[in-house]
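Swiss-Prot has this to say about the protein:
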- 7-250: domain 'ABC transporter' (DOMAIN)
- Gly43, Glu44, Ser45, Gly46, Ser47, Gly48, Lys49, Thr50: ATP binding site (BINDING)
Amino acid sequence: MTETPLLSVRGLAKHYQTRSATLKILDNVSFDIARGEVVGLVGESGSGKTTIGRSVLRLIEPTAGQIMFDGADVATLSAREMRRQRRRMQYIFQDPFASLSPRMTIGEILMEGLNIQGIGTKAERLERARKALEQVELPPDTINRYAHEFSGGQRQRIGIARALTLEPDFIVADEPVSALDVSIQAQVVNLLRDLQQRLGLTMLFISHDLAVVEYICDRVIVLYLGRIMEIASSEDLYARPQHPYTRALLSAIPSPDPDARTERQILRGDIPSPANPPSGCVFRTRCPMAIDACATTVPQLREVRPGHFKACIRDNI
């Protein structure tokens, strides 16, 4: 990318201290997202995907690292400055049932951020809420109803509308369809894709569904135990994965075409505890291609082809 990225993350870390150990949930994570780009973040449960999303918006405080958003270091902003910044950075939560207050009307939920930011008159805020509902294809009378009156898919549309009311530049979509029925997931994914293209949104799309990520994302970041394993364009990553972990993930995607199916690569064991990560490469204990040097060398992200990076000391595997 030649232009200055909208979001630039360098050396992001999030550690939790217990009585007996330090939990390294994220460790030295760095990536960029260009304006108007959709970047997917994939990995197994417990890899740190949600922690990255929440750290970027400072919904949780990072332990270390720099988070540059349009030239401002988010990690160093005061509470007042961060409140102003949040009108440009919004979050779509995974659970559409838990993320909406049962005591508030949908209109009150949609206008809450506008009230906090002091944007517009009451009539102008109401108009923004109505516009957001229209953008997510919900009827106008939605505004006077309560969350329990809607299905899971409708609630997630309301969550998307809430993020849109502040007209943000950047959205973190944290597994926005994983809690929905399969029949509804495609509708919500298509809606997000349409909104992103129509409004020119920049998005970090967190998911464990690799088929959805391929459909909606321009580039993909593969995360394992709090470290980045691979970064590439969606097209290149799915066609020519360079890291053994990425290959294992992609081999698990079901295909209806018998001729297109690949041999399933089963990873041995479970993901290690962040309290006691393996030395060297954190993936080595489950990697089918590991060698002795993997136990002593921490692999750094390196460019193996134009725009394609992997964290692996081995070549041509």
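Just so it is clear, glycine is given a Cβ too, placed from its N, Cα and C backbone atoms.
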Gly46 (ATP binding site) - helix vs strand vs coil (DSSP): coil
Sparsest Cβ surroundings (other CB atoms within 10 Å) among the binding-site residues Gly43, Gly46: Gly46
Residues near Gly48 (ATP binding site) in space but at least six apart in sequence (CB under 8 A): Lys14, Ile25, Leu26, Val29, Leu223, Leu225, Gly226
Local Cβ density at Ser45 (ATP binding site) - other Cβ atoms counted within 10 Å: 8
For Ser47 (ATP binding site), the number of other Cβ atoms found within 10 Å of its own Cβ: 24
Residue among binding-site residues Glu44, Lys49, Thr50 with least C-beta crowding, 10 angstrom cut-off: Glu44
